[in-house]
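Trainee: Dumping the structure here so I can ask a few things about it.
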């Protein structure tokens, strides 16, 4: 019986991440708040009760610490992931999956211990827990190995659907987390319980990968030394019917979209606290609604686009358009009800990821897939630290005047992504040639 489901890996990885994300931010805010004179635990333990003038002091410090956490978790993986794609072609995807999951388990285990001493530890010490994630590869290595795993085992015609169900697994894990967050993190021991549950979940995921996930790569091929220039030559070489241009446009569009996701990840919650005095419960409610809609869109949307037989590029163009309107609604929102409408629109754009990955896998021959995805994951690994700094600097600049102005950045990046995909669709209309991973073009026109 085949029990190897990437969706389970995704769900069990995103569940602890979603469960702990807002809680970790609250932990930093509480720790920094307690440093301030005349601030009591009763006030600092409820972030929505912290006075506005005090939030103006604390939030920039929280953003600074979160930026360092992102840098620790992404810098080393960004440097290594370029080589790990070709390495996995020869040595397998399974070692990378297991290593990245081990790092997540150690992260939450260390946090579970550190939080026991939260009354004496400075907030900066919690960043130590992120070191195992950076060493083991983090999300970059996990998604690189799993995307290659899916590509190895799935035919071209079913690949977009499989990528969609993988993303749905991510959404399901995040949804379960949002439903549990407020209940689990409540009370004086909320931090300990949250991180302990997250650690046990990551251990379960690690054991599942060790026991049930097989090797998918063809390990019979000769092992060749990986040269950095070879990787970039592979992604930059000429391809038939302007496929190289399509590859570049897809990468640019997806990078702009990822900048929005990572840039807003921490700023959105702090903006909601500042603008509408939201609690963690209200933030979790919004996330729950978003994840239900996103999961439904991922499962149903892939079927719908497959039924109409639209190209992956065209499908990506259609689903990214609502994100532009969503960003403008977040900026304008006179009441917090608008945030729900903006979230519902933004959920449609979650389909861009499976369509993007499927489009890339069809452009690139199978023997080059590891190299190309390695370079792609390298750029994606750099995005969190860059986008986090961009959004943090912008938010700290407008926090005293117009906190919602931060979403104009998202509006701009979403518009840029739309333009890149539109150009790609025009190229596809002009040169309607589809190159799958099994096809090796011969005499077709190159760029």
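Cβ coordinates come from backbone N, Cα and C, glycine included.
As the structure is a computational prediction, the values presented were derived from the model and not from experiment.
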Trainee: Which range, 283-305, 306-328, does TrEMBL list as transmembrane segment?
Mentor: 283-305
Trainee: Taking 245-263, 264-282 as the choices, which stretch does TrEMBL tie to transmembrane segment?
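Mentor: In TrEMBL, residues 245-263 carry the label transmembrane segment.
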Trainee: Match it up for me: which of 193-213, 214-234 does TrEMBL list as transmembrane segment?
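Mentor: Within the set 193-213, 214-234, TrEMBL attaches transmembrane segment to 193-213.
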Trainee: Look at every Cβ pair spanning the transmembrane segment (193-213) and the transmembrane segment (96-117), keep those 6 or more apart in sequence, and say whether at least 3 of them are under 8 Å.
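Mentor: Since 3 or more Cβ pairs under 8 Å link them, the transmembrane segment (193-213) and the transmembrane segment (96-117) do come into contact.
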Trainee: Taking contact to mean 3 or more CB pairs closer than 8 A (sequence separation of 6 or more), are the transmembrane segment (338-360) and the transmembrane segment (64-84) in contact?
Mentor: no
Trainee: Considering only Cβ pairs under 8 Å, which range in 96-117, 245-263, 283-305 makes the most contacts with the transmembrane segment (372-394)?
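Mentor: Highest pair count goes to 245-263.
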Trainee: Residues sitting near the transmembrane segment (283-305): Cβ under 8 Å, six or more positions beyond its termini, same chain?
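Mentor: Sequence-remote neighbours of the transmembrane segment (283-305) are 18, 22, 160-161, 164-165, 167-168, 171-172, 174-175, 178-179, 181-182, 269, 272, 315, 318-319, 339-340, 343-344, 346-348, 350-351, 354-355.
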Trainee: Using a Cβ distance cut-off of under 8 Å, indicate which of 129-151, 245-263, 406-427 has the most pairs with the transmembrane segment (96-117).
Mentor: 129-151
